[in-house]
């Protein structure tokens with residue numbers, strides 16, 4: 001839906017979908033903002049674009065459905081399906097040279113074009129959510145209305161609060177996060193409607209409602225886990241006149257630091273989506289294809305994100321930097337860092353935060369965080385160390401010769417920024433990643449149901465049958 005389509009209101013009337021009314025008034029960061037009635041809601045915008053998108057996909061499949069889009073090698077089958085072209089993901093496309101594009105927009109373009117909070121420099125993630133779902137850059141009023149709608153939907157059911165409170169503090173924050181999101185299935189409009197029987201054309205409507213409710217509740221869930229495990233258990237209420245990132249920062253206990261709030265806006269934006277093949281995105285899509293609710297689908301994605309090969313990399317970067325400082329002491333010379341890099345590699349270990357399955361250049365998400373740090377914390381010792389490693393590591397990794405991408409990815413920087421502002425509990429960081437990732441995977445889930453995407457069911461083969469497959473491919 002990346003193209004901009006302007007359809008008449010008849011398209012919306014012809015649908016059986018009844019859009020929720022736009023919030024008529026809301027205070028936003030201290031400014032009273034009133035809907036004029038002219039700003040289309042997110043649901044209205046998506047509903048208007050849907051008929052044309054359905055026709056586009058129908059035409060594409062009719063004209064090119066039998067065309068080959070790629071080949072699969074035996075190595076790819078055994079190697080995690082790397083590079084296999086078999087998924088449709090509308091929100092973002094990852095180019096190996098230039099990095100991620102959200103609906104065709106680079107990160108710098110999103111930083112420039114998406115609405116910001118008054119006095120802020122970073123984009124509001126509400127705007128990115130709108131962009132990922134519709135392909136359009138929203139107006140400031142539309143983003144304010146979306147902020148207000150999420151705030152209005154944010155109240156947690158009492159049993160969810162009690163469920164989190166009963167978790168032992170020793171239970172990993174991601175396990176608690178997944179547990180709470182799974183339990184929200186009790187509130188799923190999609191699950192209840194499906195049980196009663198609904199038209200397939202209406203699937204997206206209930207998926208949309210669940211996704212909006214779920215996203216709205218994530219900051220309070222995430223903050224409650226953080227405050228229970230690491231602080232005094234007290235969580236500030238959602239402020240209805242504030243944006244999504246402010247409320248998350250404030251509920252965590254850092255709302256009085258404007259720079260941390262800005263960091264959350266940047267963090268939630270750049271961690272939201274990274275194509276559809278990564279574990280959390282693909283898992284959410286896969287589970288959703290079985291018509292599981294957004295709650296169950298996202299919870300499955302969060303469980304994938306909790307894996308050390310996916311969502312724990314920024315924590316591992318911090319651990320590695322800390323060990324390096326302890327090992328080389330005050331001698332933070334280029335030569336000492338170079339030697340430590342080599343000792344890491346020679347021990348058969350990877351340098352965390354460097355390399356990527358797809359990227360072959362410095363991750364633009366790393367660059368955006370580096371630019372933030374240069375503005376806000378240029379003299380921080382850990383940032384200086386990260387910068388020093390950035391200068392040295394690519395050369396060492398290239399000389400080592402076992403990586404296709406010797407450049408830093410997003411994880412090489414994010415943990416250092418969070419540490420600087422006092423959020424030092426590294427085993428909590430993946431929860432923040434999960435809040436952000438919801439903003440990327442749930443738009444696609446809505447699109448999947450709107451386009452009638454089928455259940456995912458690739459074909460598998462055993463190792464014993466592989467030789468016969470190779471013989472057939474050579475004929």
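Glycine too: its Cβ is placed from the backbone N, Cα and C atoms.
Features of the protein shown, as given by Swiss-Prot:
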{"type": "ACT_SITE", "residues": "310", "note": "active site"}
{"type": "ACT_SITE", "residues": "356", "note": "active site"}
{"type": "ACT_SITE", "residues": "411", "note": "active site"}
C-alpha of residue 310 (active site) to C-alpha of residue 411 (active site): distance in Å? 10
Count, for each of the active-site residues 310, 356, the other C-beta atoms lying within 10 angstroms of its own C-beta, and report the residue with the smallest count. 310
Whole-number Å distance between the CA of residue 356 (active site) and the CA of residue 411 (active site)? 10
DSSP three-state assignment for residue 411 (active site): helix
